[in-house]
Amino acid sequence: LALASDPGGTLNFLAMVENLQGDSGRGYYLEMLIGTPPQALNILVDTGSSNFAVAGVPDPDVTSYFNPELSSTYRSQGIEVTVKYSQGSWTGVLGTDVITMPKGLYGSYTINIATILESENFFLPGVKWHGILGLAYDALAKPSSSVETFFDSLVRQAKIPNIFSLQMCGAGLPVSGSGTNGGSLVLGGIEPSLYTGDIWYTPIKEEWYYQVEILKLEVGGQNLELDCREYNADKAIVDSGTTLLRLPEKVFSAVVQAIARTSLIQEFSSGFWTGSQLACWDRTEKPWSLFPKLSIYLRDENSSRSFRISILPQLYIQPILVIGDNLQCYRFGISSSTNALVIGATVMEGFYVIFDRAQRRVGFAVSPCAEADGSPVSEIEGPFTTADVASNCVSSVSFHEPVLWIASYALMSLCGIILLVLIVLLLIPPRCQHRYTDNDVVNDESSLVRHRWK
């Protein structure tokens with residue numbers, strides 16, 4: 001595919017192949033040049049947030065940082081911004097500067113950039129990236145949706161199609177290895193060499209996260225038989241910045257029970273399932289044959305059909321540590337979540353994932369790099385009928401963060417008005433004194449209810 005991106009050239013998707021490095025344990029990152037003269041930094045690719053931010057001061061856990069004072073093109077906006085993730089947070093200052101991508105789009109672009117001045121559990125020991133590239137919608141941008149996102153800026157300035165695609169190649173490899181596993185972030189389209197077979201698309205239910213609709217889960221070919229709304233409580237999203245497959249607590253419990261029931265292991269420590277313990281086998285053994293395959297059904301663009309993406313245990317039983325000469329230890333690549341089902345790197349490493357914002361859909365195709373010992377570890381099959389599931393598995397009531405902010409401000413304003421009225425009433429001198437009698441004393445508790453905040 002070659003699409004015009006500027007008067008003098010074309011979009012060369014092959015130039016973007018293998019432009020990522022990293023692993024599922026610590027994320028996949030892209031090299032970027034920021035400022036004038038350019039400062040080279042590695043930037044984490046995150047489809048679950050919307051701010052572009054880089055370390056702006058030295059930090060014990062980062063090897064490089066962006067110094068805006070050394071860039072002649074940096075312009076501070078003087079706006080403080082704080083972003084909180086499911087793990088970690090940072091506070092910084094918004095500004096703009098020019099960026100180029102050695103293995104991305106040709107040319108330089110002016111982008112909103114937050115320089116991180118303070119952080120907590122954001123930069124972690126051993127990570128090889130120095131900032132984060134939020135690729136979700138502007139609804140999640142901080143401090144407000146008026147901050148143009150990185151990708152929206154590229155679409156506007158480079159005139160590229162409103163679509164990007166992502167391949168992460170860490171299947172079956174140590175989750176915190178040398179950091180040289182490959183991957184590709186294709187900006188502006190789809191590169192045919194990065195997938196095999198057909199692309200299956202599911203609609204984006206709402207444009208904030210990449211929210212999709214999950215119809216059911218199967219473990220070893222057996223339906224979990226849960227109400228489909230359980231899978232979408234309170235949202236189901238596709239998020240490259242999350243390392244694991246995260247499941248709502250009820251779904252997680254059902255999956256663990258089903259895996260334990262269908263696996264060939266009779267006794268298994270509960271600590272393995274909760275992530276507090278590793279399971280170790282002799283290095284000559286491959287424990288993956290002991291576990292079942294896991295399938296996720298997504299609604300097709302034709303709502304009466306669905307398709308399923310399946311991951312083999314090579315993707316969710318993840319090698320993490322070698323002990324001595326003989327033992328290889330593994331972690332469970334699935335965890336519980338209190339507020340979402342998150343299709344993270346555990347699943348995404350099996351697929352080439354297309355974020356087609358122009359047509360409001362997410363596509364999945366089998367990735368040729370999703371192999372272990374020469375065999376594919378992911379599958380896509382369909383179509384299937386949706387006659388056995390509800391017509392809508394996503395709750396229509398969703399208290400998204402922007403709505404909560406509006407409600408909070410409204411309540412604060414109401415409280416302020418009431419407080420102002422009370423102060424005015426206290427300051428106004430009484431015109432007449434009323435002597436209370438026993439008849440004025442309200443001692444019927446039921447009548448007090450009318451005057452209580454509920």
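In case you wondered, yes, glycine gets a Cβ from its N, Cα and C as well.
Remember, TrEMBL labels are computer predictions, not curated facts.
Record features, source TrEMBL:
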ACT_SITE  ASP46  active site
ACT_SITE  ASP239  active site
DISULFID  CYS169-CYS369  disulfide bond
DISULFID  CYS228-CYS393  disulfide bond
DISULFID  CYS280-CYS329  disulfide bond
DOMAIN    28-365  domain 'Peptidase A1'
CARBOHYD  ASN302  N-linked glycosylation site
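Where TrEMBL records a feature, it is marked here on the structure.
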{"residue": "ASP46", "record": "active site", "Cβ neighbours (10 Å)": "22"}
{"residue": "CYS169", "record": "disulfide bond", "Cβ neighbours (10 Å)": "22"}
{"residue": "CYS228", "record": "disulfide bond", "Cβ neighbours (10 Å)": "20"}
{"residue": "ASP239", "record": "active site", "Cβ neighbours (10 Å)": "22"}
{"residue": "CYS280", "record": "disulfide bond", "Cβ neighbours (10 Å)": "17"}
{"residue": "ASN302", "record": "N-linked glycosylation site", "Cβ neighbours (10 Å)": "10"}
{"residue": "CYS329", "record": "disulfide bond", "Cβ neighbours (10 Å)": "15"}
{"residue": "CYS369", "record": "disulfide bond", "Cβ neighbours (10 Å)": "19"}
{"residue": "CYS393", "record": "disulfide bond", "Cβ neighbours (10 Å)": "22"}
For ASP46 (active site), the closest of the disulfide-bonded residues by C-alpha position, picking from CYS169, CYS280, CYS393, is CYS169
Integer Cα-Cα distance in angstrom, CYS228 (disulfide bond) to the residue listed as 'N-linked glycosylation site': 18
Rounded Cα distance, in Å, between CYS369 (disulfide bond) and CYS280 (disulfide bond) is 25
If you average pLDDT over the domain 'Peptidase A1' (28-365), what do you get? 93
What's the CA-CA gap between ASN302 (N-linked glycosylation site) and CYS393 (disulfide bond) in angstrom, rounded? 15
